[in-house]
Amino acid sequence: MQGTPTMKIIENILKNHLLQPLSQNIFVLTNNYITEVQKFSPLSKNTNLVVGQILNFQKIQDSQKLNLVEVNIGIKVVKIVCGASNLQNGKKVIVASEGSFLEGINSTLKNKKIYGVFSEGMLCALEELGISNKFLTPQEQEGIYLFDDPNDQIALGSNALIPLGMDGFILELGITPNRGDLLSHIGFAKDLQAVLASQNSNKKKEKKTINYKTKNSKDQTNRKTTPKLNPDFFAKLPQSPLKVQIESDSCYEYNVCILENITIKPSPLWLRNTLLQSGINPINNVVDITNLILIEYGIPLHAFDSGTIQKIKVRKAFPQETITTLNQNDFVLDENDLVITDGKKAIALAGIVGLLESSIKPTTTKIILEAAYFSPQTIAQTCQKLKNKTESSLRFERGIDQNLIPLAFQKACQLLVTLANAKITYQPTITKQKIRTNPTISLDLDFITRKIGFSLCPTQIKNWLLNLDYQIHTPKNLTLQNKNEQLNLQAPLRRYDVKIKEDVISDLTRFYGCHKLPPQTIQIPTQGKLTLKQKNIRELRKLLVNLGFYETITYSLISSEMFEAFAPQKPFIKIMNPLSQDKMILRQSLLSSLVEILSYQHKRQTFDTAFFEIGKAYFPNQEKLSLAFVLSGNFLNTLWHKQDVSSSFFVTKGILEKISSFLGITLTYQKTQKHSNFHPGMQANLLFNNQIIGVIGKTHPQLNAKHHLKESFLCELFLSDEILNTTKTLTFRPIPKFPTVIRDLSFLVDTKYSFYQIEQIIKQTTPFDLIKCELFDVYQTPTTKEKQSFALRFFFNNLDKNLEKQDVEHCMKKITYNLIKHFRIEIR
């Protein structure tokens, strides 16, 4: 299952659950008062088809296959030329007359002469009505369709689509996440009946005094739309030997019934057509019955091939427990998943799908029928983790009506007896741990008026809530003259969306009619305002543009090759319908996209490039905002001055420091060689609060050769909310009154140490008088590869006094001592 769920409401099922005939304007009522209607159309495009009975037939002269058939269609007898091989006298057939439209051949019928004989219509095969042979039995595919009517219940001349289950309309509802109760015919019928009852009550004169019924009131209309449970259906049967054990709080209720003498065969045509119109493929009579109950009552059922099952245990899955589902998909479970077992091994993934080993087979003669209530949260978590949604899991996720389980269970057993020759040998085993309840909600007329914007009549409020099956726990003869008097309400079990006062207001508003709400102009002036994060992103773009960068906007989709280049050995997100093979994986680094642009530029001899992108990188569990920029060639061209600034690692680092200064954060650099597409001697991780948030470096020669690049420099920085929501603090240092003292220090140090490490030690151990330290010379002779020469320049100043020579000498001695201690330097 994918996309936004819909529910297809079929007229023939719906009208069985309504107290009154269907309204002609059901489309408008549903759209205005219940939910969006995505489609409203006849079940079948076939028209003017009637039931006829074959009286006799005879061969047409000069034809090998054609017969002239006399057919009684109730009001008259017609003669029809037919070439079917399965004609039988006395059988009832589908007759199309002149003007009939047949969906299967997409044609309107016209009477005509065939072999010189005038034909007054056509005897129809099911395929000509648009039913695929894939879902027909071999007998139904032989020729014209012959009704099976041993009790002569189908009237001649009547609409032939009725016994086929193809008459009436279909209403396709758009189901919002909060209205799981509309995922069944009976759930929609309850809401529609409430709308119809409310429409009728609005026409009557309203009374000022209200007698609120208690929760046992008999006038709550929707309760009459639910078929009644037959308490004697299982009464005379012995107790079942099948034991049920529930070991998890995620299972509220579990019912099973053993049925024997089962005959697995195709379902009757009306049932197959009903499922097809609901978007469900028929399988066999047992599975089709469970699917019919699913769409009619919204209660998922499951049938097991009982085999040697002597016990049912509902438990949490074991860590790393593996299962194979009906569609032969393998899944690995953990202790957060719920399974149905036979006491030893799993036979179903609770609420989602059955397993292959316990599935219904053509040879099955004994089944165990299951009806249960599982925690919506547990089912939703398992479906999301396994990425496996079914029609059953959808209803468990949205919430089923626990009160309907016994009724749906009994209806399924009745259908199995009728359509599968089943024999019920034992009473059902019913195990109920707990019953879900809705919260009690208190609200008053004043709250309703403030939320809706105008006052509603108390009588209307009472009628609408009672019609919707709300229980009103309020003293009798309450007139609500005081607008602050409390109404204590409880929504029916099927309504999982009613949890707070505003949810009740939502029901009252839609029953009033959102299309009738008076428009009101908001008088309060509004002023748009950027958040600190949005401001920083906007200003960061301006900063980079002012530094000479061009902004790029690239696709979030990249090729597998570019993904591996900058995010190797990581789980990735691959889209099902890619634009092309080069656009199939969601990037985890913006550098993947920028290197492609860089390659495009260099192939066209454009080497002086500087561009950036601020966009999202996509990981399995989150999205990260990232800034990436690239440099190549000359960063600054001075033309005739001939003082160009070439792109380099240090230019790139300087730009990054400009960015970090703008953001008000301090970045540290960690030398690394882990990034295979960066030069091993010129790459570093970027750290913020000791967490790696980016990378900077020079492109590897192999990457250059592969993508036709000249020497380039790359940098990427993940912009977390912590970074973007940092308020920049400006530190002011007064202009010094006294002269600055400068000292130089030159020394040899091992090549394994960097200036950054030396600078950190100097900052940590030197008095406040040192205001700046600069590296102004680096030298390494070919003969001393293990040593390098650094020349540092120190700037000393004190705001309160003129520094004496001995003060500066003391600082220099301390600096020298610490450098010898930590790095074993040799003073030159």
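Each position is counted from 1, following the chain as shown.
Every residue, even glycine, has its Cβ placed from backbone N, Cα and C.
What Swiss-Prot lists as domain 'tRNA-binding' is 43-161, and the listing cites sequence analysis.
Feature annotation from Swiss-Prot assigns region 'Disordered' to 203-230.
Annotated domain 'B5' per Swiss-Prot: 436-519, in sequence order, evidence recorded as sequence analysis.
Per Swiss-Prot, Mg(2+) binding site is recorded for Asp497, Asp503, Asp507, and the stated evidence type is sequence analysis. Around Asp507 (Mg(2+) binding site), a 10 Å sphere centred on its CB holds 20 further CB atoms from the protein chains shown.
Per Swiss-Prot, the feature domain 'FDX-ACB' maps to 736-828.
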By Cβ count within 10 Å, point out the most packed of the binding-site residues listed: Asp497, Asp503. Asp497
In DSSP terms, helix, strand or coil for Asp497 (Mg(2+) binding site)? coil
Counting only residues outside Asp497, Asp503, Asp507 in the same chain, those with C-beta within 8 angstroms of the Mg(2+) site's C-beta centroid are Asn178, Ala491, Arg495, Val498, Lys499, Val504, Ser506
Looking only at the domain 'tRNA-binding' (43-161), what are its DSSP counts of helix, strand and coil residues? 7 helix, 43 strand, 69 coil
How many helix, strand and coil residues does the domain 'FDX-ACB' (736-828) contain under DSSP? 30 helix, 32 strand, 31 coil
With DSSP assignments reduced to helix, strand and coil, which class does Asp503 (Mg(2+) binding site) get? helix
Could you pull the average pLDDT for the domain 'B5' (436-519)? 86
